[in-house]
Amino acid sequence: MGCAPSIHVSQSGVIYCRDSDESNSSHQTTTISQGTTTLHGLFIKTDAADSIPSVLAYQSRQQPPPSAGPRRKERREPGASARARATRCCGVEAETQTSDSSVKGSATEVQIGPMRLTQDPIQVLLIFAKEDSQSDGFWWACDRAGYRCNIARTPESALECFLDKHQEIIVIDHRNSRYFDAEDICRSIRATKPSEHTTILAVVPRTSADEEEASVLPLLNAGFDRQFKENSSITACYNELVQIEHGEVRSQFKLRACNAVFTALDHCQEAIEITSEDHVIQYVNPAFERMMGYHKGELIGKELTELPKSDKNCADLVDNINTFIKKGKEWQGVYYGRRKTGESIQQHVKITPVIGQGGKIRHFVSLKRLHCTNENNKQLYKSHRDEKYTGDNSQSESHSFKCKNRRKDSIDVKSVTSQSSDAPSLPTRRYSSMARIHSMTIEAPITKVINIINAAQENSPITVAEALDRVLEILRTTELYSPQLGTKDEDPHTSDLVGGLMTDGLRRLSGNEYVFSKNVNLSHSHLSVPNTINDVPPCIAQLLDNEESWDFNIFELEAVTNKRPLLYLGLKIFARFGVSEFLNCSEATLRAWLQMIEANYHSSNSYHNSTHAADVLHATAFFLRKERVKGSLDHLDEVAALIAATIHDVDHPGRTNSFLCNAGSELAVLYNDTAVLESHHTALAFQLTIKDSKCNIFKNIDRNRYRTLRQAIIDMVLATEMTKHFEHVNKFVNSINKPMASEETSSHSEGSDCECTANIKNFPDNQTLIKRMMIKCADVANPCRPLELCIEWAGRISEEYFAQTDEEKRQGLPVVMPVFDRNTCSIPKSQISFIDYFITDMFDAWDAFAHLPVLMQHLANNYKHWKTLDELKCKSVRLPSENNN
């Protein structure tokens, strides 16, 4: 024959032999001899069936058409898995082996937590004593799903094949006990270690309609996972196998991956303890056993309350920790544990709640390491280290002790605490109090950072420990976000701006007091107010048609409204954002409120007047229309931002906080020299609002909404204080810009921007940072306005600072900003310094979030204008030729 024939064994031991050369359409006569029997023809019966192996692998073939039903299959025994045998027929070797030619399945990516796993194609073992339509149905189902499939006919060969292949799914024929006991086979497989992650399916007879359904409990008790009612349909078998793959098999595969995690935990040097939500110990690693002196068998299954506690912890520490972690928050601090021997050891402990099914806390993971501050802990640490490692570590150990001896600050409290038990005196009580403070659960983030650095110094080389000492010195200062200006050759304009805007002054001269005694304007009946936004004069209405543009000219509105731009612009913007509807107040109430607020701005101030408030309101409304800003904030945030912009400088005296503090003003005394003006603006605005029902825009909203709205308004107005400028900008960059840039880099999908704003909405703290940044940028957006507007604002703020300097000189007060002397000041230099120091970085960060190309172009043009004037030694806002014109 031109090609080797295929061999197939029937149930009755008949060998079917066919020439596999399909080009030859005629049947070829094959002679097979066995013993004394010699038969001729295509199909013969022979005793050779007895020598065919009982474990066969299905070989690839073309699947039969649906109408034809399952065909008989050629099977070959896996050469490595079972008894590799061969039967020779007419010179043809009928060897059995596994062929992967039909495997359509490929490795599958599976994610479990942060782990990414690769699952190989599924393997299935069919255990059927006799071949029939049911076994055929499962094989064709395996072929369709791309699974590797083996079949076994006897219990012995089934167990042998499973121990070799470790199939994920086993299907056992449970329809007839005549050939083998299916439950015994299942028990024998379950008795092996690999079966822990295997799903075993029992094929049971189909029940008739009038027959009662049998219980599955005997099957479950025998070790089966599922039952399958007899059904030879390939689709039914396929559906069953695929469900098992995506259910039990996938779950078991993930569980097997946990072995790697437990191996890592077992070799981790930190002591780890895992408990249930009820604080029942579920796992401890070897490091925990060494630290606490227990064997895990003595701990697992016990509640934490059953273990002895150290009496060195403060009485309510455990309750405080439980209160903290039950809220889903991570707790970190110092805790005294008690070893099996009874001695107390001080530990750094971090307890992390683990959220599980139903979004509830299901476990607590505790990481513990020795806090080496006393001799007992040091000796214990050394013994643990010696248990785990061999070799001479004396050099590194002496190095560590040098660092500890040199670092006085890091061991003051802890070292004296460890000595307190020797003498019950007054110092002893003080030491124990300090120890309790060290163990308090209200540990601030900066304290955590300092503790981590302290711990890192314990075993660091001298040079690293010294560098960390310098880090600690910096961290213990109060101005963490404020750049430190050099003392040599510093630009005096920058120094004066920083000194005037970012400090409280506090350079008082005795006997000099600046009394802030302006009468608050509560009356507004004499002002003419439009009944509705549609009643405004045509000249004003025409100007307001352009208010949505960034280039809107606020000074033209100031002129046509007789210095009342805030009322008219406020009516237009508040109507566009639905403020009245949100507050459930009438338009008349809103008009009265805007009139009252504007009346309490000082029109005599050259800069801090209602025109500036209107300008900030305009900028805020412009920012709120930006897609990313709009997508990140709620309607309440928008209303709060517009109200905050409106009131943010109400009753401003035209003097800085530093001036008021130096002068000992009533406001400075009232607000303890801290955020004096900003606190006054918010307090007065709310006082005026709730004092008169006619202008109380909050009177119709419920208490909870009012409190939320009020808090948001106060927070935004206080953010305009310049002493915390760099803190707000840095927090925005680190919490908004950098994570957003990281998301955009990792995701190139069109929906990434929506996902980013959705993530921001999920974190109220991020929304707060955005609102603070928005009003800060709106408050000092003058350098980003069109050049003509920028020049006008620069002249106005300079004039206000000149007036302050004049008054400081008249009253003999410290001059906060000496460069703002009207006789010598260079306005271009002051603008350059202001832009360089305050504006550029802040607007770069805001532009990266809100996308503001027009503003950034104006900023570049204006900066170039000031640079040109400075290079020409011009001190005014314009070139001399422009002034003449």
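Just so you know, glycine gets a Cβ as well, placed from its N, Cα and C.
What TrEMBL says about a protein is an automatic prediction, not a curated fact.
TrEMBL annotations:
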type	residues	note
REGION	58-107	region 'Disordered'
DOMAIN	264-307	domain 'PAS'
REGION	378-428	region 'Disordered'
DOMAIN	532-873	domain 'PDEase'
ACT_SITE	His608	active site, proton donor
BINDING	His608, Asn609, Ser610, Thr611, His612, Asp649, Asp779, Gln831	AMP binding site
BINDING	His612, His648, Asp649, Asp779	Zn(2+) 1 binding site
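The least crowded of the binding-site residues Asn609, Ser610, Thr611, Gln831, judged by other CB atoms within 10 A of its own CB, is Asn609.
Here the domain 'PAS' (264-307) has long-range neighbours at 337-341, 345, 347, 360-370, 380, 384, 387-388, meaning same-chain residues at least 6 beyond its ends whose C-beta is under 8 angstroms from one of its own. Neighbours of the Zn(2+) 1 site: apart from His612, His648, Asp649, Asp779, residues of the same chain with C-beta atoms within 8 angstroms of the site's C-beta centroid are His608, Ala613, Val616, Ala645, His652, Thr720. Here the Cβ of His648 (Zn(2+) 1 binding site) has 27 other Cβ atoms within 10 Å, regardless of which shown protein chain they belong to. Most Cβ neighbours within 10 Å, among the recorded positions His608, His612: His612 holds that distinction in the structure as shown. Restricting the average to the domain 'PAS' (264-307) gives a pLDDT of 91.
DSSP labels the residues of the domain 'PAS' (264-307) in these numbers: 17 helix, 12 strand, 15 coil. Proximity of Asp649 (AMP binding site) to non-local residues of its own chain (separation of 6 or more, Cβ distance below 8 Å) is seen for Tyr601, His608, His612, Ala613, Val616, Leu677, His681, given in sequence order.
Spacing of Ser610 (AMP binding site) relative to His648 (Zn(2+) 1 binding site) is 10 Å (Cα to Cα, whole number). Asp779 (AMP binding site) has a Cβ environment of 22 other Cβ atoms inside 10 Å.
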